[in-house]
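Take a look at the structure set out below.
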Amino acid sequence: MASRLTPLTLLLLLLAGDRAFSDPEATSHSTQDPLEAQAKSRESFPERDDSWSPPEPTVLPSTWPTTSVAITITNDTMGKVANESFSQHSQPAAQLPTDSPGQPPLNSSSQPSTASDLPTQATTEPFCPEPLAQCSDSDRDSSEAKLSEALTDFSVKLYHAFSATKMAKTNMAFSPFSIASLLTQVLLGAGDSTKSNLESILSYPKDFACVHQALKGFSSKGVTSVSQIFHSPDLAIRDTYVNASQSLYGSSPRVLGPDSAANLELINTWVAENTNHKIRKLLDSLPSDTCLVLLNAVYLSAKWKITFEPKKMMAPFFYKNSMIKVPMMSSVKYPVAQFDDHTLKAKVGQLQLSHNLSFVIVVPVFPKHQLKDVEKALNPTVFKAIMKKLELSKFLPTYLTMPHIKVKSSQDMLSVMEKLEFFDFTYDLNLCGLTEDPDLQVSAMKHETVLELTESGVEAAAASAISFGRSLPIFEVQRPFLFLLWDQQHRFPVFMGRVYDPRG
């Protein structure tokens, strides 16, 4: 029976609007975030030599990862105190005097100092560029390479942020592509410091004109991304954002109704339909004052290159200082590119899949060298070097044994974003390009992933006997390991995580 890997990912982001002091004439009153975003990695990512590829046998298609992402914006009824920030704004321009020629200046020494005493100056609105649905040909040519490098850097940063919020020696799975897609859609309507801080977190170049077009181009035969916007009737979304979102993300905004239960069913139904019903309930509840929901779903479909052995086997797996017996899947001819990495002190193996996708496993080599030691040594530079070396390595028929995997991972994303030193969702959110409402705040953000790797993906497959010499390469996975689902065409991780207990 051939094997199937089915990761599913959910991301829920709740945003609230603080209307306790909102000025109906104002468009934004955000202040500069005092925290500096962390530095970006600028390592270049080299091209791959795909001159060798093993023949692909006829194998029935299997189901692979599914990802869903949601942002929910609600009206904030907690009355957040922010009058101090608001009072620092200048008076409206209409209240400032315009001195006529020849009129003597006011005597500041004899009159109280007021706004009318100040010289007339043009008011400066917060920087809020309109969403760009077009980019130049010259920018488009280099945008995919920039995006793949940025996604790689972001994925490694995100891995460490997730790991820092998880308990030691626990399973973990997430989709960097899903989270980046969500944040990039937020970036489409971001202004001022929120825009620059998002660019920094995502490792994007400043004013990356073609990022949305490039992200749209990363949807291929094996990776499909779809988006949808839901909003309340009383939320005024800018036409420029609606048009750009339709052009770039293929979503026409849908209006929510007055019934929260009906809205909840509407949103969860959309998620289920766009994740092949792998994710049936993204939201457990929906606040009655919800004003905006942004959704993103990523669906992957791939198949193994070679069928696995139909017989079932149990084998030992090292878990928490003891050995446990877990179901294993095996193949005597699976195409694997592998090498030992001295920096990580780990064996790296790349399992070839269809649609230019691959499953990469990093497992410690020495018994005393644990997975946490591998994680500590992993940084964007090391990660890119590993992927480059894999690109130059040949896929050879290999005796492969690896466990059936079931991983469920749920994560509060606000804590992850704070580990990344991004605080705008909590303190200073500026979405002036999305709506004229200046008072939005994130109240919750959640990411959920389910990863399943089994042998039940294909009903029937042809078996063929092939004899190999004693020098057949071996790749065995019997210890906790790090994994990623790699898009070989666009060179970025779609899913990442670690497995301590294959049983889930």
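Placement of Cβ uses the backbone N, Cα and C atoms for every residue, glycine included.
Features reported for this protein in Swiss-Prot:
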COMPBIAS  39-51  compositional bias 'Basic and acidic residues'
COMPBIAS  85-124  compositional bias 'Polar residues'
DISULFID  C128-C432  disulfide bond
DISULFID  C135-C210  disulfide bond
CARBOHYD  N75  N-linked glycosylation site
CARBOHYD  N83  N-linked glycosylation site
CARBOHYD  N107  N-linked glycosylation site
CARBOHYD  N243  N-linked glycosylation site
CARBOHYD  N356  N-linked glycosylation site
REGION    22-67  region 'Disordered'
REGION    85-141  region 'Disordered'
SIGNAL    1-22  signal peptide
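C128 (disulfide bond): 20 other CB atoms within 10 A of its CB, across all protein chains.
Within 10 Å of the C-beta of N243 (N-linked glycosylation site) there are 13 other C-beta atoms, taking all protein chains into account. With respect to their backbone Cα atoms, C432 (disulfide bond) and N243 (N-linked glycosylation site) stand 15 Å from each other. Ranking the recorded positions C128, N243, N356 by Cα distance from C135 (disulfide bond) puts N243 first. DSSP assigns C210 (disulfide bond) to coil in the three-state reduction, outside any helix or strand. Its own atom aside, the Cβ of N356 (N-linked glycosylation site) has 20 Cβ atoms within 10 angstroms in the protein chains shown.
Note on the disulfide-bonded residues C135, C210, C432: the fewest other CB atoms within 10 A surround the CB of C135. Candidate recorded positions: C128, C210, N243. Nearest to N356 (N-linked glycosylation site) by Cα distance: C210.
DSSP assigns N243 (N-linked glycosylation site) to a helix in the three-state reduction.
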